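J.: If you scroll down you'll find the structure; I have some questions about it.
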Amino acid sequence: MPQSKSRKIAILGYRSVGKSSLTIQFVEGQFVDSYDPTIENTFTKLITVNGQEYHLQLVDTAGQDEYSIFPQTYSIDINGYILVYSVTSIKSFEVIKVIHGKLLDMVGKVQIPIMLVGNKKDLHMERVISYEEGKALAESWNAAFLESSAKENQTAVDVFRRIILEAEKMDGAASQGKSSCSVM
């Protein structure tokens, strides 16, 4: 097997949308039912995707809102971003659009590896954001999209596998662009 690659992923979103729950479900395989606001935590996990082993460093950020100022560290050495909203919260869906815009401004690129995640899909009776709305938003950003339930462990692993694939796809496009040569 090839040497493992290191990738750093930041998880961003509005308060109490399940960023930490999704991350802990992926890393430790358990759901934390209590809400304890995160300042910032970093987790590590080894995962194999398409035969390649990845050493992931996951930056679980504090909840942001439309007035949050992003620390510069959110743009340094980050290989991909998971943007999380709750399918039970219109506010979180609106704020994720603001977060996306601020992220693009901070990183200084139009296209970055992003995975949009609609979390809490197990709360059917409280749903206010449809799957189609989430998918349409992701498509408008040219981002990957999944809905998830950290509580029921639905697609937690898929979310992190997918962001790795998105990051690798962009890395491939970047390295292909670098290898081309023009003589004038």
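Glycine too: its Cβ is placed from the backbone N, Cα and C atoms.
Taken from Swiss-Prot, the feature GTP binding site covers S16, G18, K19, S20, S21, V32, Y35, T38, N119, D122, A150. Here Swiss-Prot flags S16, V17, G18, K19, S20, S21, V32, D33, N119, D122, A150 as GDP binding site. According to Swiss-Prot, the feature Mg(2+) binding site maps to S20, T38. For K8, the entry in Swiss-Prot reads ubiquitin cross-link, with the evidence type experimental evidence. Sequence annotations record features per position, and here Swiss-Prot assigns S-farnesyl cysteine to C181 based on experimental evidence. Here Swiss-Prot flags S130 as phosphoserine. According to Swiss-Prot, the feature cysteine methyl ester maps to C181. Residues or ranges marked as motif 'Effector region' by Swiss-Prot: 35-43. According to Swiss-Prot, the feature site 'Important for autoinhibition of GTPase activity' maps to Y35.
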J.: Return the single residue from the binding-site residues list (S16, S20, S21) that has the minimum number of other CB atoms within 10 Å.
T.: S16
J.: Across the motif 'Effector region' (35-43), what does the pLDDT come to on average, as a whole number?
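T.: Here the mean pLDDT over the motif 'Effector region' (35-43) amounts to 71.
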J.: Nearest of the recorded positions to N119 (GTP binding site) by CA-CA distance, picking from K8, G18, S20, V32, S130?
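T.: Comparing Cα positions, the candidate nearest N119 (GTP binding site) turns out to be G18.
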J.: I'd like the Cβ neighbour count for K19 (GTP binding site), meaning other Cβ atoms within 10 Å of its Cβ, all protein chains included.
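T.: Its Cβ shell of radius 10 Å holds 29 other Cβ atoms.
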J.: Under DSSP, is N119 (GTP binding site) helix, strand or coil?
T.: strand
J.: Around K8 (ubiquitin cross-link), how many other C-beta atoms are within 10 angstroms of its C-beta?
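T.: For K8 (ubiquitin cross-link), the count of other Cβ atoms within 10 Å is 16.
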J.: Which of N119, S130 has the fewest nearby Cβ atoms, counting only those within 10 Å, among these recorded positions?
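T.: Minimum Cβ neighbour count within 10 Å, taken over the recorded positions N119, S130, occurs at S130.
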J.: Looking at the recorded positions K8, S130, A150, which ones sit with their CA no more than 10 Å from the CA of S20 (GDP binding site)?
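T.: Taking K8, S130, A150 one by one, the ones whose Cα falls within 10 Å of S20 (GDP binding site) are A150.
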